[in-house]
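A.B. asks: Handing you a structure now.
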Amino acid sequence: MHLNAFAAALLLVSPIWPTAAYRNDTSAALMQDPFLDLVDGCPPCPRCFDCHYDEFQCLQFASCGSVNGKCVCPPGFGGDDCAEPLCGSLADGKNRSPRKGDKCDCKDGWEGINCNVCTSDLACNALMPLGEGGVCYQKGVLVQENFQMCNVTNKAILDQIDPRIPQVTFSCNAEAATCNFQFWVDQKESFYCALDNCTSTYQDTNVRNTTKYTCQNIQCSCIADRFLCGEDGSVNIDEFLEQEIKGPASFYTQHTYGGSSKDGSRFEEPAMNNLISMIFGDEYISLQCRSGECLYETDVPGFTRPIKEINTPLIAGVIAGCALFVVAISLIAWYLSHRRALKRWGAIRLGEGTEDDAAASMINHTPMALQFENVSYGLKGKEILSGISGIAHPGQITAIMGASGAGKSTFLDILARKNKRGTVVGNMYVNGEKILDGEYRNVIGYVDQEDTLLPTLTVHETILTSALLRLPADMGISVKEQRVIEVMQQLGIYQIKDQIIGSAEGNGRGISGGEKRRVVIACELVTSPSILFLDEPTSGLDAFNAFNVVECLVTLAKTYNRTVIFTIHQPRSNIVALFDQLILLAKGKTVYSGPFSSCQSYFDHIGYSCPPGFNIADYLVDLTMHASLPRSPMFEDVPRDLLDREGPGTESSSTRAVKSIASVSNVSVESPREPSLRIKPKRRISLKQKQDRQLFTRKKTTGNETPPTPKTDDEDTVIGKATGSMRSWLQMSRREGSNPPPLLEDPDDLPPDANTDLDILVTNFMHSDVAQTIHDEISSSIQTASAANGHNSGDAIGEPVTGSIKGFRRISLPRQFLILSKRTWRNLYRNPILMLTHYAVAILLAVLSGWLFYGITDDIGGFQNRLGLFFFLLALFGFSALTSLNVFSAERLIFVRERANGYYHPLTYYAAKLMFDIVPLRLIPPIIMGIVLYPMCGLLPKWGVFFTFILVLVLFNLAAAAICLTIGIVFKDGAVANLIGSLVMLFSLLFAGLLLNLNHDTVQQAAQWLQMLSIFHYGYEALIVNEVAKLRLKDHRYGLDIEVPGASILSAFGFDNLALWKDVIGLGVFAGAFIIIAYIAMHFLLVEKR
């Protein structure tokens, strides 16, 4: 035996010796089947591979399949006879491809000659039942079936066969108690061994750990024509392997902490050791191996399920920290909202050149006269305004007067080119030219009748914000501040500059209604517009302050040559005296439009004289109101015989004057010829009717009038001898359904048919010299502008002129964002109730939920508690997001008005609201609740899982808030928006995955896509998969300890274990998409329409 071993060793170290290689070529000994011989003498076909026949052998000592005659190969080998290494990875199973070429290309995470050794946990997930939880265990301890790839490190052997590389693959199966050993040279297998009756041991000390496999039996075999097994120029040791190598054999590995020269592996077998020691002087074959075995994480040796412990100090610290955070926010908000101005406003020191800049901003501009001709407006087929013409000159005050419903505000909106719902016709010119709306709006200011102010800002902050946003970008901040102070002083509100605006709903009292009105006017005056429109600027003010406001407007107009146009309702006489131009409207028609100085003489001329001592404004407004009333018969009870009487037409003018509408049926006129004849009226004359008759009766202006004699209430109306014209009038009055015309002095003075005295007033003005003067002046202005531009006179009434009004450069969008952000932040911390409520509720509910779900266990009951906890969290944040419906409702009108007046671009306002209103309420509360709740409930103590948990809550909260924000913008009515928002949240909640399993067979397939529209589905699935998918839930039932992967339970509930990040992305997409949709809705829907 020793001689044979020695001879084999000589052959091993002397491959150059000429040797006759023994070839065991079984293919040459194939049996021939006589039935397969062909008639024509062709050679017989070879027999197909079938391991049931002796001439076909299975390499690797593989077993023969009982059905198909194919070999059942060990992992990593393939082919009919298991001679070919397989590539890819163990995870490919039966789909592994044979090696093509000299080397395998292994998939990521795998290595070795036949790609059996794992290198990463991710690679092992494919071998796990649920596709995750795999661990690549590389310590060499046998658990189920491990694989090792080794390099031979015996220096003598390496030197002898250099440059070839000897390698060894070694694998063991714990259940079968077997191992396999293959020897390779340049990745070609030379011989293989099968070991059985194997055991393994593992020892771990403070110095080193060792692993040892011991097998009682071993058998080896050569592969023909390979190195050491008959290859040309090599020895053949197949007999030595088959006869001498019997076992026992061992495979030993040692690893020393800190490293040692003895670390590594060795393969030992008595006959093999004897051969190695005699030839090379080594005791065994030494190896350097890399081990890999794919295991589920709980199957790794030494793994013990951690005992869940609740970190009570951490919980207490987190709760205390969150509480301190809320207290700190409260104190900061209180301090900022109650502090006085950091400095008192005194004399402002202006840098060199500042006064010039301020003067230039107020004086260097083109005076603008506004001409309008035949302006009419209709809405839904109804005519609101009709044929209004006039001129508003720079340096003058133009007042628009009329009774309630006369169309004053509508007409003012049209002059300011506001976005109207109806149809506007007519021509409007600026200095005789038509101007584009965009250029026109850059040089005008508009003050609404309703006050729209943020209640949390001070007076100075409100006006300064308007100045910073609307004044030219190249104007210094100090100049803008100086302009703000000047306007406040002019309007008499400087002394209240540091007071909060306030509101009726607020806790503290703000400024008065009159002061708010002046603040609104100041926001427009601060920009010193070329044309300033004001709708009822004196409403809500007492007489003194009303005069001050109008006087300020006069100063602005005359000092800086501005055009001021406003509506006003029955002003005091001292205010009326300040008017330069007057436009008097009644029922949308022009009663007068022209210089105020000519107003009284005009009405005197047409027979409506204002009595001495009366306020002309009161008289004219009351006149239009009474003239607008329909006519009624005067003599319904006149006797028939009176209609036949005749008499000379010699009555005084006062007896035939047109009576007022209020008293026309109760007229008392005495005839000097027939004092005893009376006509019984239907009702007695009241004191007011007699007064209206005296004030609003149209009188002839020839100087022949005889004032009527007033009668007492007990007297009947007496009519003298009726003339022919009187009888005609009386006959018409007796006809049913007809209103008789007014009684004039001569038939030549009869006006066109009219139902009211208003028609007479309108007709008189249309044919008056005042109206003709306006028309001529507008025509002259148009011709002058056309000549200045080198156009024909007709060009001005065509397309608007572009670039005729030069505006100024506005501040940039980033600057607008900063200003609006500062305003929004002030509004937030001065009204911190909503923000602090969100924070306090988050802490309280987190503590309550943590107490209810304290220390959730890793069993079936704990799984149910996790489902309930996450469902509660999402429901809480989903329905608390309904408060986003009110984000824009409180400032909806403010935004619409400020946008219409050109304060800022909508994008900057929206961005500021998101940054300093939405984010503090939607970002911080879920973070607070998450960090308090997570440790109390005992959720997975892994930082990655925790941050994913917080991320999902934040994204879900943002998505829900964005959806509610969009609903709040689209639906103006708060009740409707609340209903729609609640229904959307309930619909989304239904498809979360807890109430309805859409993957169940009983659910309609067509309804499964609806969960893609549910943010609750994305959030709920992400939370539960993040927490449960990596758990192994244990339960004790029927005396058995059952352990079930959490992922399998999630699959049974219809959740996708691989959809975590898909759900996170889905929440992000929902949040981002609805933020964009909300802006689009705000941009196109929140537009001023009057």
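Just so you know, glycine gets a Cβ as well, placed from its N, Cα and C.
Computed from a predicted structure; not experimentally measured.
Pulled these features from TrEMBL for this protein:
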| type | residues | note |
| --- | --- | --- |
| DISULFID | Cys87-Cys104 | disulfide bond |
| DISULFID | Cys106-Cys115 | disulfide bond |
| DOMAIN | 78-116 | domain 'EGF-like' |
| REGION | 638-718 | region 'Disordered' |
| SIGNAL | 1-21 | signal peptide |
| TRANSMEM | 314-336 | transmembrane segment |
| TRANSMEM | 833-856 | transmembrane segment |
| TRANSMEM | 868-888 | transmembrane segment |
| TRANSMEM | 909-934 | transmembrane segment |
| TRANSMEM | 946-969 | transmembrane segment |
| TRANSMEM | 976-996 | transmembrane segment |
| TRANSMEM | 1064-1087 | transmembrane segment |
A.B. asks: Using a cut-off of under 8 Å between C-beta atoms, tell me which stretch among 833-856, 909-934, 946-969, 976-996 contacts the transmembrane segment (868-888) the most.
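C.D. replies: Ranked by Cβ pairs under 8 Å, first place goes to 946-969.
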A.B. asks: May I ask you to report the DSSP-based helix, strand or coil state of Cys106 (disulfide bond)?
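C.D. replies: Going by the DSSP assignment, Cys106 (disulfide bond) falls within a strand, counted as strand.
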A.B. asks: Excluding the flanking five residues on each side, which residues at least 6 beyond the ends of the transmembrane segment (909-934) place their CB within less than 8 Å of a CB in that stretch?
C.D. replies: 315, 318-319, 322, 325, 817, 820-821, 823-825, 828, 834-835, 838-839, 841-843, 845-847, 849-850, 873, 877, 880-881, 883-884, 887-888, 895, 898-899, 946, 949-950, 953-954, 956-958, 961, 965, 1075, 1078-1079, 1082
A.B. asks: Give the number of CB atoms, excluding that of Cys115 (disulfide bond) itself, located within 10 Å of its CB.
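C.D. replies: Around the Cβ of Cys115 (disulfide bond), 27 other Cβ atoms lie within 10 Å.
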A.B. asks: For a three-state summary based on DSSP, what are the helix, strand and coil counts in the domain 'EGF-like' (78-116)?
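C.D. replies: Secondary-structure composition of the domain 'EGF-like' (78-116): 6 helix, 9 strand, 24 coil.
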A.B. asks: By a simple count, how many Cβ atoms lie within 10 Å of the Cβ of Cys87 (disulfide bond), its own Cβ left out?
C.D. replies: 23
A.B. asks: Over the domain 'EGF-like' (78-116), work out the mean pLDDT and round it to an integer.
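C.D. replies: Mean per-residue confidence for the domain 'EGF-like' (78-116): 91 out of 100.
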A.B. asks: Fill in the CA-CA distance, Cys115 (disulfide bond) to Cys87 (disulfide bond), as an integer in Å.
C.D. replies: 6
A.B. asks: Could you say which of the disulfide-bonded residues Cys104, Cys106 has its Cβ with the most other Cβ atoms inside 10 Å?
C.D. replies: Cys104
A.B. asks: Can you tell me the CA-to-CA distance separating Cys106 (disulfide bond) and Cys87 (disulfide bond), as a whole number of Å?
C.D. replies: 6
